[in-house]
């Protein structure tokens, strides 16, 4: 209550921010008449003047007002568009590194131009992230004319773009692209073997369009670069054959205490081969089971080090047998594909696979084709990728409901920008029906009524399947319509652009078509481009003028009918997605209307609160097909959505807590790797690794206090195996301290290393150092990622032992990381001592080799691109 009273007196924090920025807008407006008088050349020259001022010590904030005024004037001349005051406010919010919430139709693409231009002047690059390739290319093509006029370069990163073109685009002042392309390029850049293979430069300033979709909805899925792992298909088959012969220990698993089991002297016939704890989803072999497996596979000790991987295969096979049920946890398609079923929604999760070999184990169980396992080569979450930018900002029509998560995860504040014109759209109360059938019949009747009236309607569904079902029913009533899904982005934009025309009926999944405004009466530019090839066509102005007049007349018809009608066929789990659908209507002060149709059989209603609504319906004795509307229902639905949003936030938060641990390790590896890339001579680094490794080994072998207990034989064997070194004086260690003996061995190995360098030549030795070091680092890092995956799979079991999984994960992963670093320095130095290079010259058989034949040197490259150059 006190808070609401203070808001009435002082206004909200958002109000105060808007008020402060409005004063800056007044300064920009004051320059407009002066800038209108500038010639094109003088206006273009502003860019050079700003850059010079920045060099002389001024900041971006110092030149903001003039830079924004410059962009506004250039936009008027080049694009024919003038920034509204609220668009300038939105631009300043983006420059401050915040999220700007602006309703649909407020021109977010134009909003970004001012902060993009201002920040690009510093010369460190600006990235603009969109949700798909189509929008990235469209926005870049549209705005490159403006940036080009002002002397700035722009590029776009598209899927499949060659490396040289990617590099060129990243070196532009402004770069457009999708989140996945930018993220994967970052990962690939940290897998290269030379600096000139990198494409990205520093991550400076980033504006994320549809920021809620990218930083929240897609944040649960990490970016992963994977490669084919060693083929182990036969082991999955063998493992399932083995566990098929084993029996579950139903009797003994009822007794939880191990000591109690032993004390009870349970007869052998009562013991099965394994026990299942369904609550914790854990399976363990009994002693009887271990012996049975050893007999079947004819091995001595199942838990010997060489059978560690086999044990993993057997455990996964047992999980597939006992814990994962067909048509509950997964389904098997006619083509033999095993598809996971989402435990919350019951929907098939296309393209998803269980990790750590479990999916292959299920495929073996079902007797279908087993897909090869992939190994993770590099991975990062979107959260940790975007948090690397020096300054991050974003824009969307719906961010306020997720403001807490934006602040917690990214440190981003949400500022709600007022609309240029008041929103006059009418949002009706939800209509709730008993059954899905009743709901669908009412939806079709309503669409038919709107179509006959001529009012355009956009029908929002939550799945492609629902869209297709509605489409079939509309076809039966001979109602012409368009169906949208998120498969064809370019076509999608064209259809959405015309969804505001007279008599238009458009069915779309809630997320489809974002980024394209629905203009009442139609979009004349899209219609003109359907008739002529491009804007540069000499006939374009004439054709555009024709459709402009047609669309203007049609708009008047649609306005008279009430504008665009939004019909939601189901509530989404997230309020934000529902608000996005509503926001398609009522742009720039246009009239509009929205209404949601629900049934008690909808997922959201079924899981939350449908019993109370059913009681109300029974009391009211509503006839079939009659809906109920009540603000209490809307309140119950909103509570349900908030619960689900909180759960999903928890999932993303948990993912990030785990990835933050890996992120520190990834950063350390990538930084060390990049330092090594920038150094031509790695000899000092290699010798430093050698010294650390020898020191650790001597202290390990000479750990006992008594000198006679030192393991000199073990140390000598190690030095011989790893460094081809033999100690000539077998009594030297008796006359030395540990430190003196370390120095003795190290000096001898350095001499040995220098001899090898003299033999091979310094140039070749430097190349070998780089090649071997990167090869070892990359291989060990991949192995480390696999270890972390396995650790995460098992870590939740520790929660049952009253231990926090994240704390345990941090502790164990840190130990694994230290072991990996030790292995890297051991393997890299050992390989360099043991490497043998064939320096025998290849005979000149140039005349006998075809130009496109393989080179005889054994490189595997064509002769003309290798020794024949």
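Even glycines carry a Cβ here, placed using N, Cα and C.
Features as listed in Swiss-Prot:
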- 87, 105, 106, 107, 108, 109, 517: ATP binding site (BINDING)
- 855, 857, 866, 867: Zn(2+) binding site (BINDING)
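This view paints the features noted in Swiss-Prot onto the structure.
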residue : record           : Cβ contacts under 8 Å, 6 or more apart
87      : ATP binding site : 106, 107, 110, 111, 114, 420
105     : ATP binding site : 517, 587, 588, 590
108     : ATP binding site : 90, 100, 102, 209, 395, 396, 397
109     : ATP binding site : 139, 142, 143, 209
Remaining residues near the recorded ATP site, that is with C-beta within 8 Å of the centroid of the site residues 87, 105, 106, 107, 108, 109, 517: 102, 104, 110, 111
Neighbour-count leader, CB within 10 A, binding-site residues: 106, 517: 106
Reduced DSSP assignment, residue 87 (ATP binding site): helix
Surrounding CB atoms that lie within 10 Å of the CB of residue 107 (ATP binding site), all protein chains: 19
Site extent for ATP (largest Cα pair distance over 87, 105, 106, 107, 108, 109, 517, Å): 16
DSSP three-state assignment for residue 105 (ATP binding site): coil
